[in-house]
Structures are given as C-alpha cells and as structure tokens.
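A short write-up of the structure that comes next.
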4 protein chains.
Amino acid sequence: MTAQTKLDAWEQRTEWPLAGAAVIFLVAYAVGVLDQPAGAAAAAVGMVTAVTWALFAMDYVVRLWLAPRRWRWFYRHLFDLAIVVLPLLRPLRLLRLVTLIAVLQRAAGRAIRGRVVLYTVSGAILLVFVASLAVLEAERGQPDAHIVNFADALWWSMTTITTVGYGDMTPVSTTGRVIAVLLMIGGISLVGSITATLASWIVQRVADEDNAGRVVTTAHIERLMDEIQQLRGEVQRLQGVPARGDRPDG
Amino acid sequence: MTAQTKLDAWEQRTEWPLAGAAVIFLVAYAVGVLDQPAGAAAAAVGMVTAVTWALFAMDYVVRLWLAPRRWRWFYRHLFDLAIVVLPLLRPLRLLRLVTLIAVLQRAAGRAIRGRVVLYTVSGAILLVFVASLAVLEAERGQPDAHIVNFADALWWSMTTITTVGYGDMTPVSTTGRVIAVLLMIGGISLVGSITATLASWIVQRVADEDNAGRVVTTAHIERLMDEIQQLRGEVQRLQGVPARGDRPDG
Amino acid sequence: MTAQTKLDAWEQRTEWPLAGAAVIFLVAYAVGVLDQPAGAAAAAVGMVTAVTWALFAMDYVVRLWLAPRRWRWFYRHLFDLAIVVLPLLRPLRLLRLVTLIAVLQRAAGRAIRGRVVLYTVSGAILLVFVASLAVLEAERGQPDAHIVNFADALWWSMTTITTVGYGDMTPVSTTGRVIAVLLMIGGISLVGSITATLASWIVQRVADEDNAGRVVTTAHIERLMDEIQQLRGEVQRLQGVPARGDRPDG
Amino acid sequence: MTAQTKLDAWEQRTEWPLAGAAVIFLVAYAVGVLDQPAGAAAAAVGMVTAVTWALFAMDYVVRLWLAPRRWRWFYRHLFDLAIVVLPLLRPLRLLRLVTLIAVLQRAAGRAIRGRVVLYTVSGAILLVFVASLAVLEAERGQPDAHIVNFADALWWSMTTITTVGYGDMTPVSTTGRVIAVLLMIGGISLVGSITATLASWIVQRVADEDNAGRVVTTAHIERLMDEIQQLRGEVQRLQGVPARGDRPDG
C-alpha cells in the first residue's frame with residue numbers, strides 16, 4: 001500500500017467519525033453559549049470540547065504523518081492547521097458536516113443545480129446558526145454590546161447574511177466584527193448562488209424553447225452516417241455489377 | 001376512478017373557489033388590520049376569517065382523506081398543515097393566488113422569461129402588501145415599536161425587500177422579525193430573479209449576434225439528407241443502367 | 001398616408017425637439033431646486049417649466065388624435081398621461097433623453113452588451129441626479145428632514161441606488177419615500193444589469209474557450225454539401241459513361 | 001522604429017518599475033496614515049511620496065511625448081492625467097499593481113473564470129485596504145467623525161463593499177463620501193463578478209450534463225467527411241471500371 005493510498009484510506013475511514021465529532025462539538029458549543037452552564041455541566045461541556053478538539057488535532061497529525069510529501073501537504077493544509085490551533089476558528093470544524101450534506105445529496109439526485117441549491121441552503125442555515133452562537137459569545141461580555149441574547153444574535157445574522165444590514169444592532173468587539181465579515185462574504189455568496197442557479201435555469205429553459213426540435217444532436221449525425229454507409233454499400237454492389245458485366249465482354 | 005384521479009379532480013375543482021376564498025380572506029385581513037373595526041364590523045371580519053379558515057381546513061382534510069397513500073401525502077404536505085394550523089402563517093394562504101397569476105400568464109404568453117417576470121413582479125407586490133399588513137399587526141401593540149401605521153409598514157417593507165435596509169425603522173417583536181426574515185428571503189429572490197432574467201436575455205441576444213446565420217439547425221441536416229438521398233436515387237438508377245447494358249451482352 | 005404612418009411621422013419629427021425640451025426642463029428644474037430663485041428668475045424658471053409642460057401635453061394630445069385606434073392607444077399610453085398630468089412624475093419627462101442615449105449608442109456600436117452598459121450607466125447617472133433634485137425639493141420643507149442640501153441628497157441617492165442603505169439620512173415625507181422606492185427599484189435593476197452583463201461576458205468567453213475550433217458552423221455544413229454535390233456530379237458523369245458504353249452495343 | 005513601437009517599448013520597460021513604485025507608494029501612504037509620523041520619519045514618507053509622484057508624472061510626460069498622435073493620446077488618457085494631478089486620486093496609482101496580478105495570473109492558469117476570480121478577489125482586497133486608509137485620512141480630522149481609527153475604517157469598508165451598510169459609522173466629509181461611492185461601485189461590481197462567475201460555472205456544468213455525448217463537434221463532421229470522401233474514391237474507381245469495360249467495346 002503506497003503512502004498516498006494509506007492517507008486516502010485514513011481519510012475515508014475517519015470521514016464519518018469526524019462528522020459525528022463535529023456534530024457533538026456543535027451541540028456542546030451551543031449548550032456552552034446558550035445555557036452558560038456552571039459546575040458539573042460546565043465541566044462536561046469543557047470536556048466534550050476538549051475531546052473533540054483532541055480528535056481533530058489527532059486527525060491533523062495522523063494525516064500529516066501519512067502524507068507522502070509532508071511539506072507540500074503542510075503548505076496545502078494551513079487552513080486545517082488554523083482550525084485546530086486558533087480557538088476563534090473552532091466553529092469551522094463544522095465544515096466537516098459537508099459529509100452529512102453529501103448524504104442529503106444522494107437524496108437530491110446528482111443534478112448540478114439541485115446540488116448547488118442544497119449546499120447553498122444548508123450552508124446558509126449552518127452559517128447563520130454558528131455565527132449567531134459565535135457573535136453572542138463574543139459580544140455578550142462587551143459593556144456597550146447591542147447583541148446580548150440569542151434571539152438578537154439570530155436576527156442580526158439574518159440581516160447581515162441577506163445584506164439588508166439595518167444597523168439596529170452591530171457587533172462592537174473585534175471578534176464580533178470578524179464574524180460579521182465572514183457572514184457578509186457568506187451573504188454575497190448566497191445572493192450569488194441563488195441568482196446564478198435561477199439564471200442557469202432560465203437560460204436552459206429559454207434555450208429549450210428556442211431550439212425545440214431544431215438542435216442538431218449526434219443522433220442526426222448518426223442518421224446521416226447511416227444514409228451515407230447504405231450509399232457506399234450500393235456503390236460497392238455497383239462495383240460488383242460492372243465486374244460481372246466485364247466478364248461477358250472478356 | 002382511482003384514488004389519485006379523485007384527488008386530482010378535487011384539486012382541479014377547488015382551485016378557483018379556494019383562490020376566491022384567499023382573496024376574500026386578504027380583504028378581510030386588510031380591513032381587520034387597517035380599520036381595526038369594532039362591534040358589528042369586527043364580528044363580520046372575524047366571521048369571514050373563520051369561514052375562509054374553515055374552507056382551507058376542510059380542503060386539507062378532504063385532500064388527506066382522498067390521498068391514495070395518506071402518510072406519504074401527510075409528510076409531503078406538512079407545509080399545508082402549518083398554514084391551516086398556525087395563525088402566524090395565515091397570510092400564506094394567499095399562495096393560492098398563484099391560480100390568479102396563472103390566468104394573467106395566459107395573457108403574458110408562454111415565454112419562460114415573461115412568466116418569470118410576471119411571477120416575480122406579482123409575487124413581490126403581494127409579498128410587500130401582506131408583509132406590511134402582518135408587520136403592522138405584530139408591531140402596533142409593542143411599547144417601543146417604530147412601525148405604527150400602514151405607510152411606515154409599506155416603507156419598511158420596501159427598504160427590506162430591496163435589501164437597502166436603512167434601519168430607520170425595524171421590527172422589535174419576534175413575529176415582526178420572522179416576517180422581516182421572510183421579506184429578506186423574498187428580497188434576495190427578487191434580486192436574483194431580475195438579474196437572472198436580464199442575464200438570460202443578454203446571453204440569448206449575444207448568442208444571436210454571434211451565431212446569426214452560423215448556427216447549424218436540423219434544417220441544414222435535412223438539406224444534407226435530401227442531397228444524399230437524391231444521390232442514392234441516382235446510384236440506384238445507375239445500378240439499373242448496367243443491368244440494361246448486361247442484356248445486349250446476354 | 002394612413003393614420004399609423006402619420007403617427008409614426010409625427011413621433012419621428014418630434015423626437016429631437018422633445019428631447020431638447022426635456023433637457024431645458026431638466027436645467028430649469030435643477031435651477032429651481034438648487035438656486036431657489038426669487039423674483040424675475042423664479043418667473044423665468046416657472047415659465048420654462050410651463051412651456052415645456054405645454055409641449056409635452058400638446059405632444060400627448062396630438063399623438064392621441066393621430067392614433068388610428070384612440071381607445072387602444074389611450075390604454076397603452078396611460079403612463080404618458082400620468083407624466084403629463086401628475087406633477088410628481090414630471091421628472092420622468094427625462095425619459096425622453098433616451099433619444100440622446102440613442103445617439104451615444106451609435107458611438108458605442110451595436111453590440112448588445114455595449115448597449116446594455118450604456119443604458120445602465122447613463123440611466124443610473126440620470127436617475128441619481130434627478131432623484132437627488134426631487135428628494136431635496138420634497139424633503140427641504142419638512143421639519144424633521146435629514147436631507148437639507150444637494151450634497152446630502154446626492155449622498156443619500158448613491159447609498160440607496162447601490163442598496164447599501166446606511167440609514168444615516170432617510171426621507172421622511174411621502175413624496176421623498178416614493179422617490180426612494182423608485183431609486184431602490186433602479187438600484188436592483190442596476191445590480192442586475194451589471195451582473196447580467198458580466199455573466200453574459202464570462203459565459204461567452206468560457207464557451208469560446210471550450211469550443212475553440214470545435215463548434216460546428218454552417219461553414220462545415222457547406223463543405224459537406226460541396227463534397228456531396230461533387231460526388232453527385234461524378235455519379236452523374238458515371239451515368240453518362242455506361243450510356244456511351246451502351247451506344248456501341250446498339 | 002516607429003513612434004508607436006517606441007511608446008510600446010517604453011510601456012513594456014516601465015511596467016515593472018512603476019508597479020514597484022506603486023508598492024513603495026502604498027507602503028509610504030500606509031505608514032503616513034497609520035503612524036502619523038513626525039520629524040525625520042514624516043520627511044522620509046513625504047520624500048517617498050514626492051519621488052513616486054515624480055516617477056508617475058515623468059512616465060505620463062514621456063508617454064505623451066512618445067505618442068504618435070499626441071492630442072488623441074491626451075484625450076484618451078485624461079484619467080492618467082487626473083491620477084497624476086489630483087491628490088485625491090493618488091491611491092489610484094495602485095491600479096499599476098495589476099501588473100503584479102498579471103504575475104499571479106500565470107499561476108492561476110489562463111482559464112477565464114480563474115482570472116475573473118483572481119482579479120475580483122485581489123481587486124476587492126486592495127480596494128478595501130486603500131479605501132480604509134483614504135477614508136481614515138479624510139475623516140480623522142472632522143469634528144463629528146465616526147471613523148477615527150484603522151479598525152473602524154476597515155470595518156466600515158467591509159460593510160460598504162458588501163452593500164450591507166449598517167450605518168453604525170458613515171463618512172461625514174466630502175472626500176470620505178467620494179471614497180464611499182467608489183467603494184459602493186466596487187461592491188456592486190464584486191457582487192456582480194461573484195454571481196456571474198458562479199452563473200457561468202453552473203450554466204457550463206448544466207450544459208455538460210445535458211449534452212454529454214450529444215453535442216455535435218467538428219470531429220463528427222470530420223467523420224462524415226471521411227465517409228463521403230471514401231465514397232467518392234469508390235465512385236471514381238467505378239468510373240475507371242466502365243472505362244476498362246469500354247475498351248473491349250471499342
């Protein structure tokens with residue numbers, strides 16, 4: 001088994017366990033932010049967070065160790081390193097949930113537009129939920145914060161990702177603003193995705209209307225080819241006929 | 001008559017009555033919110049609301065009863081159930097008005113872009129109107145509300161659906177914010193629809209420019225086919241000629 | 001000369017004079033709003049406004065009179081009537097300036113994308129300028145107005161048409177809000193136009209890349225046709241050969 | 001060497017030095033705005049700014065002098081003149097950095113969508129950075145300014161370019177508002193670019209799905225042509241056969 005094959009096998013085997021760990025992390029994160037537990041509950045949340053962190057860190061180390069060309073792998077997975085090392089980026093572990101989306105995908109069929117819609121919608125919902133938790137955690141402690149409960153955080157996230165931006169509440173901490181910028185980028189992508197999917201659908205429908213029964217497909221070429229080959233057959237039989245016609249002359 | 005056929009027949013027969021009920025509900029809803037009637041008028045509005053609700057509920061029950069596979073139908077029509085059961089979603093009954101739009105559609109022709117524009121524009125107008133009524137009803141009672149009359153509600157709806165979002169007035173109640181989120185989603189779809197329609201139009205016009213007289217259609221293939229078949233005819237006649245030429249030799 | 005021809009001839013002859021009248025009206029309108037002239041100057045502005053109004057009203061009456069089917073023309077030109085009758089819509093007379101844009105168009109060439117860009121850019125500039133004047137006129141007199149000078153009005157127009165919508169200044173009068181809604185609609189169209197033009201350009205460039213030398217054009221079909229016709233010619237000469245070969249037998 | 005060739009040679013030779021000058025100018029500009037240096041440091045920043053200005057001015061003069069038709073060149077490069085003459089537009093010298101982007105481009109390959117993404121992303125980052133510096137410089141001195149440090153300026157730039165526009169901080173000076181308008185235009189282009197790239201990608205993928213193995217390419221035409229030419233060859237051999245058959249008759 002080559003090194004690359006081993007890495008691939010590891011990634012395939014750990015796909016589901018890591019997605020599971022990401023879900024457990026999400027639940028622990030949500031409980032930690034929303035319930036602000038104390039005592040034993042806080043310890044439990046802290047432990048779950050630590051364990052899921054350890055799993056992701058271990059996965060990173062194993063993959064680095066299995067990679068055939070380690071430096072190259074290291075440079076190409078700086079983002080993975082950042083997710084493991086920087087506490088601010090912890091929620092990005094949820095990117096692992098694309099594995100779950102891939103399952104939904106089988107239900108949605110393999111049509112490209114269906115997949116784009118699926119990724120856009122589930123990505124937007126996840127982004128709004130996680131960003132609301134993260135901004136609430138970041139802002140809650142600020143003296144002049146506008147966003148002090150989860151309902152406010154969700155409302156703010158929705159106004160941001162849709163690029164409406166009322167400004168009735170805005171983050172005041174640096175962490176909160178970084179989260180806001182990620183949401184804005186998500187929002188532009190959301191608008192872009194929806195528009196692009198619609199545009200593609202309309203373009204295709206218009207093309208179908210325009211070209212109904214007028215587009216030349218390989219089926220037309222096949223029919224032409226058939227016709228020409230039958231013609232060749234007849235010409236070849238014709239070559240045989242004068243040949244027969246030659247004999248009486250000879 | 002199979003169960004599916006009965007369900008289809010029911011849905012076809014009730015299409016117009018339910019669209020009518022939706023219009024009557026809209027009028028009663030608008031009167032209820034805008035006039036805030038008292039006494040007999042309030043009773044009349046309440047009765048109309050109750051009757052239209054009963055019609056939609058009855059329609060839901062009949063369809064569930066007629067459905068060949070009831071559980072499957074139930075799962076696939078959870079949204080219909082929500083519209084019947086949840087008072088907040090009552091305005092969504094107006095989705096029935098797509099039947100009316102379908103009539104306008106016949107006027108607009110069957111071209112796909114015309115239909116997209118028609119649904120977008122009439123959907124946006126209906127959404128702005130209903131959302132303005134709903135947000136006014138939700139906000140009016142709040143102590144710190146910004147939106148306290150219909151003109152404000154309309155203004156706020158317009159700034160929201162266009163994603164401009166000045167923030168000079170924002171909903172403060174949870175119901176108001178849920179309506180706002182629906183408007184924002186409507187807004188993103190509105191921008192997406194307009195852009196997509198324009199893009200499709202430009203793409204088509206550019207393609208027409210580029211390909212004017214250069215696109216291969218089935219008409220070209222027909223001409224090729226004709227030519228080849230005439231050639232075959234001539235080759236076949238040629239097969240007859242040496243045959244005739246054979247006889248003098250015999 | 002038929003009635004339709006007369007109407008067309010009138011519209012062609014009045015195209016430039018009315019565009020000129022629209023420009024003069026725009027200048028008078030700008031002077032009236034920005035300088036708030038008094039005495040003789042105010043009288044002059046008022047007179048120019050009245051004269052241009054009279055020209056547009058006269059044009060409307062003449063066109064209605066020349067129209068072959070007057071009721072049909074009336075129904076189809078309700079918008080023209082509104083521009084003449086409603087003072088609020090007076091600035092829309094500037095739509096006449098599309099004649100001027102048509103001139104620029106000749107410079108920009110007839111390529112569809114170039115024309116879309118031209119109409120979008122000149123339309124947006126005109127819309128921002130006129131909306132700034134109109135909103136300033138509408139707001140200036142309000143006690144709690146935010147928009148009280150032309151710089152503010154321009155700034156507000158720009159934040160609105162780009163759908164940024166800071167909300168640092170918003171119109172408070174009904175007229176101001178109607179203008180704002182028109183600007184928002186203009187803004188959505190602006191975003192849509194730019195996106196659509198870009199999308200069309202990229203789609204075309206990608207298609208060119210993909211299909212370079214691989215797209216079947218009528219030129220290919222011509223070459224096929226040529227080849228087949230030469231073949232027919234040869235088969236026909238072949239039919240002549242056995243014919244000649246027949247004679248010695250006869 | 002013709003005048004045009006000389007101009008082209010000059011532009012090619014100065015491409016990199018001017019991009020370098022633009023980077024040095026950017027660093028000096030950033031230091032000047034962010035550190036607000038005094039004494040020797042301020043003098044150094046001032047000198048670097050003056051030298052880079054002189055380089056750009058010299059380049060403008062040389063190009064004007066080398067241009068074959070000077071007036072025509074002058075009219076077509078009014079924008080270049082404005083960048084040299086107007087202090088407000090100095091940051092636009094950074095447009096020279098497109099040379100650097102052109103280098104990245106070689107890495108990103110020549111695919112049109114990759115290039116659009118590259119220009120959009122690097123353009124947006126540069127625009128946000130420079131606009132933040134410029135708006136900070138413009139606003140800092142204002143008595144009622146909201147934007148008083150670089151973090152605020154960056155935050156404001158991001159909310160503007162994504163068209164979110166919270167309005168929690170807005171420029172109050174005219175220069176600041178001009179920068180804001182440029183950012184808004186940049187934002188509309190950013191949204192447009194991302195949407196258009198996505199739309200093009202989806203349109204292409206959908207077309208690939210639809211047409212897989214069904215699109216007629218020149219390869220099909222080649223095969224048809226081959227078949228017809230083989231047929232001609234056979235017919236020509238056939239013409240030789242009766243010719244041989246003729247001889248015995250003669």
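Yeah, the Cβs are placed from backbone N, Cα and C, and that goes for glycine too.
Only residues 6 or more beyond the boundaries of the transmembrane segment (B:16-34), in the same chain, are considered here, and those with a CB under 8 A from a CB of the stretch are 41-42, 45-46, 48-49, 52-53, 55-56, 59, 90-91, 93-97, 99-100, 130, 133-134, 136-137, 150. Per TrEMBL, transmembrane segment is recorded for B:16-34 (among others).
The transmembrane segment annotation in TrEMBL covers B:41-61 (among others).
Positions annotated as transmembrane segment by TrEMBL: B:116-135 (among others).
Annotation source TrEMBL lists domain 'Potassium channel' at B:126-203. Taking the domain 'Potassium channel' (B:126-203) as a whole, pLDDT averages 91 in the prediction.
Marked as transmembrane segment by TrEMBL: B:147-166 (among others). Through the fold, the transmembrane segment (B:147-166) approaches residues 33-34, 124, 127-128, 131-133, 135-136, 139-140, 176, 180, 183-184, 186-188, 190-191 of its own chain, all at least 6 residues removed from its boundaries and within a Cβ separation under 8 Å.
If you look up TrEMBL, you'll see B:178-203 (among others) marked as transmembrane segment.
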Treating G and I as helix alongside H, and B as strand alongside E, what does DSSP give for the domain 'Potassium channel' (B:126-203) in helix, strand and coil?
56 helix, 0 strand, 22 coil
